[in-house]
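Take a look at the structure below.
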Amino acid sequence: MIKNCFQIRAGWRIGILCCTPSNVPKIQLRLAGQKRKHNEGRVEVFYSGEWGTVCDDDFSIHAANVVCKELGYVEAVSWVSSSKYGKGEGKIWMDNVHCTGKEVTLAACTTNGWGVTDCKHTEDVGVVCSEKRIPGFKFDKPFLNQIEVNNMNIQVEDIRIRAILATYRRRVPVTEGYVEVKDGGNWKQICDKHWTAKNSRVVCGMFGFPGERKYNAKVYNKRKQNYWAYSMDCTGNEAHISSCKLGNHLSVDAEKNITCENGMPAVVSCIPGRAFAPSSNSGFRKNTSKPQLQPLVRLKGGAKIGEGRVEVLKNGEWGTVCDDQWNLISASVVCRELGFGSAQEAITGARLGQDVEKQYECANFGEQGITVGCWDVYRHDIDCQWIDITDIAPGDYLFQIVINPNYEVAESDYSNNVMKCKSRYDGQRIWMYNCHIGDSLGQEMEQKFDHFSGLTNNQVSKR
């Protein structure tokens, strides 16, 4: 039997919009485990008063879509098997899950039955949802009240720091103000009765600030606000508030308004960090000055500031960090140490390059591989030539290859023996553009190549 159905009329078209079948139990979902981003994690289900996991047997992208939409995300990006986000605990509530993708709740998909499974927690399934939230999404609050609230993760449409004082309204980025969450399409303040410094630390980290600081509470008034129904319960290590737990439910007055008795809106004041420096315009600018002290951790091989392979200085030597158990919390520690806020993603699998050692040296004649600015003898048994760029810093370069430069081999036409390109290296990839052969470049560009002495002295020349 279907309940909560509505008839829709549009001209001659008649349709039926239905909600959950009456025989489908109410459940609540959350994403847990060792996350790389806030919108992914191990799928956990609250059923029959207990949290449990979902087995990866027969799980599909359709099931992942149902999970993500039930959590308020627009869609699923992918799903992962074999407890990628760590092994859960307790019951494995669902196994052999089959969804069409149109279900309103994961509980409406077919399974072996609640708690009927032959799986182990090494088979716990996880999902990656899109970062975009469903506008106006709300959880079933009456059902939330039946759950131990501080075991639920926070899910809101958006969060912001709204500057109240004129001093901070003129600053970009905003570092102090009310913490507001977007819930049901409306911005709401958070009551400070249960607010802690740990909560402030998480909020500041989300906006790229490494820490929080005290503020002058006397300058903020207690006028009536539009309060969110819950408080936050963060440990301070979370990279995003979606990983925090919901705190206490606020009381409701006779007019059904959320109240904050003897309290006021929660305020945060964040430390800008080394990445920003005060400017003369009462704001901040990117801090381009070099740090005076050498840090013990650095990021290498990234395409932009704040991204890269993690390297640590120990006994005067730089080394890398293994990605076993590497997650968003670990990455956030590094980011904060470097003056940034919480990490946006914990990248694994050497995706930003391995810490490789130089393999080829200049004029390594007859071998398959040379360094920039060198030359080598190309033999018939070498199918390609490696150019070692281990020591090259990211930037824009001129790339030139000359074949038979001394005309030692007779040819009918030498015009296509030279290839010249502009090239760009971002620390991970290198690509060529504006390539030409022979003397087909303009005079200005030819002169740039004429002044390039790398082929004779092995010095890398940046343009």
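Positions of Cβ are set from backbone N, Cα and C atoms, glycine also.
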Cys99: disulphide-linked cysteine among Cys109, Cys119 [source: TrEMBL]: Cys109
Of the candidates Cys68, Cys119, the one sharing a disulfide with Cys129 in TrEMBL: Cys68
Cys55: disulphide-linked cysteine among Cys5, Cys18, Cys19, Cys119 [source: TrEMBL]: Cys119
Cysteine of Cys234, Cys260 paired with Cys244 via disulfide, per TrEMBL: Cys234
Disulfide-bonded residues (Cys99, Cys109, Cys129, Cys234), the one with most neighbouring Cβ atoms at 10 Å: Cys129
Helix, strand and coil residues within the domain 'SRCR' (29-130) as assigned by DSSP: 16 helix, 35 strand, 51 coil
Cβ-Cβ distance under 8 Å to Cys68 (disulfide bond), same chain, at least six residues away: Val74, Glu75, Ala76, Val127, Cys129, Ser130
Cys109 (disulfide bond) and Cys119 (disulfide bond), distance between Cα atoms, whole Å: 18
Cys55 (disulfide bond) to Cys109 (disulfide bond) - Cα separation in whole Å: 14
Spatial neighbours of Cys244 (disulfide bond) that are distant in sequence (at least 6 apart) but have CB under 8 A: Asn153, Ile154, Asn199, Val202, Met232, Asp233, Cys234, Thr235, Glu238
For the domain 'SRCR' (161-271), the number of residues DSSP places in helix, strand and coil: 23 helix, 35 strand, 53 coil
Entry from the disulfide-bonded residues list Cys55, Cys119 having the most other CB atoms no farther than 10 A: Cys55
